[in-house]
């Protein structure tokens, strides 16, 4: 995807993120895209089905041997849990019940969180708004790796380890880069989550709880679906900081692969992002994009010019809160 150079620092830019201007241009040319904004009426039913499938799985795995617990956690349960984290991503943009029902969205995200085993949804919401508002922002966008990550995880073996440890870095990095006060919703999220974990343990023992948590950790680490973490914003081609993926794994991930379109229009639910690309095709068809998340992971590990430093960073002024 173009000429690459070995990186010893992030790619610092001194321009605004590209999504704001492109959004203005597309809306001026295709105002009908505004009709795609608003809640997805099917999301709450799809998510509810996934939650109940995982609760059924908890019952079914309670007597399995440990090797099968971890096998099904990686091959099945973790895929559902990873998909649920991406449903929570969509819900964080209020597309389950709409902007006028913000609390319904927050509590539904807590419900979607249940099979994940670890409280996640409220903290994700708190930081994800910064990722959109300050894309690549130094000390603001916690999706950007730290300098230590960029410096240390620079060989194939270390990058592979970094991919396995991705859940750890994603959960701890915000506490170092941009610590924020714990919110009441985060407390509610934790109380509900740990209560459900205890109920599952009381009913069926330890194995179902390990099945849920292990699936989350394994499938948010080194797993084909996790290719989206690298594909979305790692700079495979100089000058481009966001990339889309239009392959079949979008069916399992609420179209998170349509990431260029998502950052242009975050209030449009994932199910309608392909329509954005279709309507404004001339804005997207010629942009670099990925064909395979597995290939993304392969290139990231074995191309010595790619690594945690392969991100665009910028200085952003803190927006005034209304």
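Placement of Cβ uses the backbone N, Cα and C atoms for every residue, glycine included.
Curation plays no part in TrEMBL annotations; they are all automatic predictions.
Residues annotated as domain 'Sphingolipid delta4-desaturase N-terminal' in TrEMBL: 5-43. Residues 87, 90-91, 94-98, 135-136, 144, 150, 235, 238, 241-242, 254, 263-265, 267-272, 275-276, 279-280, 283, 304-307, 309-315 of the same chain lie 6 or more positions beyond the ends of the domain 'Sphingolipid delta4-desaturase N-terminal' (5-43) yet place their CB under 8 Å from a CB of it.
The annotation transmembrane segment is assigned in TrEMBL to 43-61 (among others).
The transmembrane segment annotation in TrEMBL covers 68-87 (among others). Note on the transmembrane segment (68-87): residues 43, 46-47, 50-51, 53-54, 57, 61, 112-113, 115-117, 120, 124, 207, 210-212, 214-216, 218-220, 223, 225-226, 252-254, 256, 270 of its chain, located 6 or more positions outside it, place their CB under 8 angstroms from a CB of the stretch.
As annotated by TrEMBL, transmembrane segment applies to 107-124 (among others).
Annotated transmembrane segment per TrEMBL: 210-231 (among others), in sequence order.
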